[in-house]
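See below for the structure under consideration.
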Amino acid sequence: MMLIRPPRFLSPSPAPGPREPRLRRPLDASRIFSSPRPPGRRPRAASPATDLRRLTARIVDLTRRRQLAQIMEEVEAARRRARGGGVLNTIVMNAVLDACVRCGDVDRALRHFEEMRGPRGCGVDGVSYGILLKGLGIARRIDEAFEILESIEKDSSIGSPRLSPHLICGFLNALIEAGDMRRANALVARFRKVLYEGHSVLLYNLLMKGYIKSNFPLGALTVKDEILRQGLKPDRLTYNTIISACVKSAEIDKAIQFLEDMKEEANRESNPELLPDAVTYTTILKGLGNSRDLYSVLKIVVEMKSSLLSIDRTAYTAMIDALLACGSIDGALCIFGDIIKQAGNNKDLRPKPHLYLSIMRAFATRGDVDMVTRLSKRMWPDSVGFISRAAKEEAHELLMEAAINNNQIDLARGLLRRIVNEKECFSWTSRVGLVAVKVESLSGFTNSLLRPHVFPQIILDDPVEKYMVSFQESRPLPADIILRKVVMRFLKDRAVPLVDDWGGCVGIVHRDDCTKLDAPLLSMSRGPLCVPTSTTVEHVIDLLLREKSEMVIVVKSGNMYEGSYTSSSRPLGVFSLAILWSFTGDYSSDIQDPDFSRVTTLKQNAEACNRN
């Protein structure tokens, strides 16, 4: 008989007995969806380099959301956790510098830069200097930026950065964005040798962009001549910038010529990268819409749709805006139908709310209540993006305007009642305020919704001569006088007429246009809006609503209904919104003036200039 011994290292099994029920641990969601860990192996700790990469990505994400305080908290926490005295590397700190610059805190960026290049810092490189120069340019601290550039040029800066186009272009772009072409040209002249390394057209494109942002957009054409003299070839961005400059200067013929040159050069060199893109055509359409050239707009639309160009939502919107500006509502509806049809397969083409509002404005002017109502209803489910409260309010206001233009007074009154009940405040100078005046006037003021703001003394069929004030009583100002000398006048009056040396009216200055204290009033004026004495008050209200003006000039000439002022038509008087509001019951106490703070600021600036 042979005995079998149990294996070594194994304890004998206990005698079998009744088994106790085994308690189950509750399942954890993290264990269900995570991969099982091999038995006996602990999770591997993340390396310091991985942690810093995650921190950098986190800083970049928070920078997009402009959460600088949160960035500083997480950076301080990372310093406390870091080994070796809490020093982070240069890549992380460069991300912190960029966050400070993008969030507008240049002083904090300078403090971090000093820490980085200090004895216990992580060090700085060319990227650090580039970010700091960009921030100083945005903050308009030009002298400090030039001091840093000179120290880099003399090779006396910590980190031994090298002067390069990439280092300077950030600072140059900040100057250009601010419209400071004088200092931008000075920077180019000072570091011309560095900036012209590689003979790239990038620098020239930046300079052209600066001329567009300044008051001399056609200066971009001189930069194009310099490109050709240097033996360089303009790229698509160069042509797009030049076309934008021509459109801004209302030189639409030159813009069309550059478009043709662009296509001709692309075909001659077989370079598809030079063909016009959506940005090119969008810019052209904006200029053609401003010039009311319907034939050319239709020609560009056909050219875009027949080419291999990928037309995005912005390009479609530009087509509709140009057609509406030219008065072609039917053409705009055709393009709008195209967008809606293609948006079923391409969600990126779904129109935004402002496109619906643009079309609704055109139909409201026509008095087409049905189309405005249908577009208003479809704006909610079919548009993309957030519909602001202002957009919702404007949709109701446009429906009221369409109703009043279609002589549906009861519908207009019902909509006005709804608007008045929903609005916390009511501005008489807004679009809805002017329409409300017409609603109240046509309803006969028997049951006013806007009491005590009613006009019992005004009859719409009366000639404007009955309610105007004499031209001399309006106290016109000389056209060549400087705003700083008469800024106090605009504390009381929202619009003031201007006269020349012969007493003729040459313009009207609105308070909203008073932006330059040292400029003559004529440079900020609008052309005088003139009506003859026989014009009805109803037409004058419509004219003020359409032109968004505060005042009309009443003239004696009978052959001119409205338009520009001529020397043969002597000004007899003025009729303004202020005169209209003076017929309300409590004009001085209830009507808020939203521009009072702006004029107060102008007053303070004028006093400061006088002290200096």
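Keep in mind that glycine also has a Cβ here, set from the backbone N, Cα and C atoms.
Since the structure is predicted, the reported quantities are computational estimates derived from the model, not experimental observations.
Among the features that TrEMBL reports, compositional bias 'Basic and acidic residues' is placed at 19-28.
Sequence annotations record features per position, and here TrEMBL assigns domain 'CBS' to 524-591.
Positions annotated as region 'Disordered' by TrEMBL: 1-50.
For the repeat 'PPR' (89-119), the model gives a mean pLDDT of 87. If you look up TrEMBL, you'll see 89-119 (among others) marked as repeat 'PPR'.
When DSSP labels each residue, the repeat 'PPR' (200-234) comes out as 23 helix, 0 strand, 12 coil, counted as helix, strand and coil in that order. The repeat 'PPR' annotation in TrEMBL covers 200-234 (among others).
The repeat 'PPR' annotation in TrEMBL covers 235-269 (among others). When the repeat 'PPR' (235-269) is classified with DSSP, helix, strand and coil residues number 30 helix, 0 strand, 5 coil.
Remark: secondary structure over the repeat 'PPR' (89-119) totals 24 helix, 0 strand, 7 coil, with classes taken from DSSP.
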